[in-house]
């Protein structure tokens, strides 16, 4: 009797639930005055999916529950054959903006056949997704075109760009500039295997068992018996790892950028001759799997040197080499760096907990010391009195024998305690090349260890960055915009260069090259940039992003101008630096549509409206300038070209142009790139 009652209640609940679903669908406000979806009979649309408007679903398509495909504003949508749309996917379009489909018709969203859109992804038109693409979990594709076979990994943003076919967008990447999209790596076999696993795993359970009407509520007549599943307990291998958190973060960062992980080992004799033997490469793409493989190498080659290799598989080159084990280290004890990391203060003196009370080492200097040790360099010590310091006469204080960070910092602090009233600097020594790679002043007689490198330091040496105060900007004198630019270039595997010029040569666009910035570590590059700004105070300085594989420039951005004040090693104020950094038209900014104006030069609202109108019509923007004498003769000179089509970047470039030619006439040009003619000439600045 009880079983019959329960069965009757279940049947009533099932009937009421299905009726409620149909009623809710009929009463939705956007379902009125819209075209009905065109769903192929062989396609499967779950009853809990929301499909509204002119959506054309082709054979073999699978739409999982919780998905929302709304063609209520931008229409129509085309979803090609055998497309897999997983749980929680949102597909929507703007009222304006269309893409050209493979059938030469205009669509708000086009999804090619065989494409997989994974859980919680957002595809917002106008968007074109080619055939056999993969859009990863929680990724966003907005106003973009993704070529056939491209793979967009998890938590990525693809906006306002065209991704070439068969390219890989790493997890967490923000691709908002076309030059970023052009430099993406190729999809590897491991990536294809991962995509096939995801598609196959969710495609097996997506085949329909009943009709494909999206308003039909499909519930099983009887629940299947629950089969006990033996779960494998998850063991966090990081608790017993033999590599410190810095190396773990390095591995995660390399994997997030799509790089492979390898390792090499050498005994003490081979290490002196730099004769390394390969440990192999780590299979898989999950950080825990790769970290476990690296730990296995450390256990296997205990008592030897082991270094980690980051591999760009597309360009077949190494992007990083870091020593993670030495003969004195014991695998399984994460002692490296734990004491010093805890002892160093992020905003103050950074005094070691076990050091002498008078030993004072700045946090930035400690980071540079750590970087030297990780690259296998020896550390030397030199000191000088105030009189000898003026003449550059340094006395040798010996070398630090230990290669462990904690012991090296303790020994350095003891040396500082013995020379409290003298200048002290550390020397980075390449034992194989028998040369100095860095000279960093870490202590001064007044107790301030944030000085500049001594006059005898080489051009490739490090510069000790000032320690920021509680309310100051980070990374010494560089602005957050410049730091973000450098970080983005390094993350994409590009090299960093600099150029400088004076006011006279700047007008003629004649730049002199600064010494090359070697190394791929962010702290080293930022320190050398600060040294370059200090060496060329009162001049224009611009940063260059260099694609070493293609041997081309991907970025030219001004980071210092003659009017900027450099005080105590600091670069210009944030407002002036913002103007400088945006003067280049192909900047490396995020381009997310935020506010454009951070500079002292503001564009008139009419100019902003004019620029917005030109860009909306597909025209390019250019500028010309002239002085009063040439203006009478109608003789204009072209400014730096503006290649970007993003409104915020164009406006920032215009502000930079006005600042560069203050006191002159500047006029705005609207250019039709197809007909190669000018459609607008208007003066936006007068003397």
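Along the chain as shown, the residues are counted starting at 1.
Each Cβ is built from the backbone N, Cα and C atoms, and glycine gets one as well.
Pulled from Swiss-Prot:
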- 335-346: compositional bias 'Polar residues' (COMPBIAS)
- 451-472: compositional bias 'Low complexity' (COMPBIAS)
- 568-587: compositional bias 'Low complexity' (COMPBIAS)
- 242-327: region 'RbcS-like repeat 1, SSUL1' (REGION)
- 328-355: region 'Disordered' (REGION)
- 366-445: region 'RbcS-like repeat 2, SSUL2' (REGION)
- 442-476: region 'Disordered' (REGION)
- 480-562: region 'RbcS-like repeat 3, SSUL3' (REGION)
- 565-590: region 'Disordered' (REGION)
- 599-687: region 'RbcS-like repeat 4, SSUL4' (REGION)
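Note: the region 'RbcS-like repeat 3, SSUL3' (480-562) comprises 31 helix, 26 strand, 26 coil (DSSP; helix = H, G, I, strand = E, B). When Cβ-Cβ distances under 8 Å to the region 'RbcS-like repeat 3, SSUL3' (480-562) are tallied for each of 242-327, 366-445, 599-687, the top count falls to 242-327. Assigned with DSSP, the residues of the region 'RbcS-like repeat 1, SSUL1' (242-327) fall into helix, strand and coil as follows: 31 helix, 29 strand, 26 coil.
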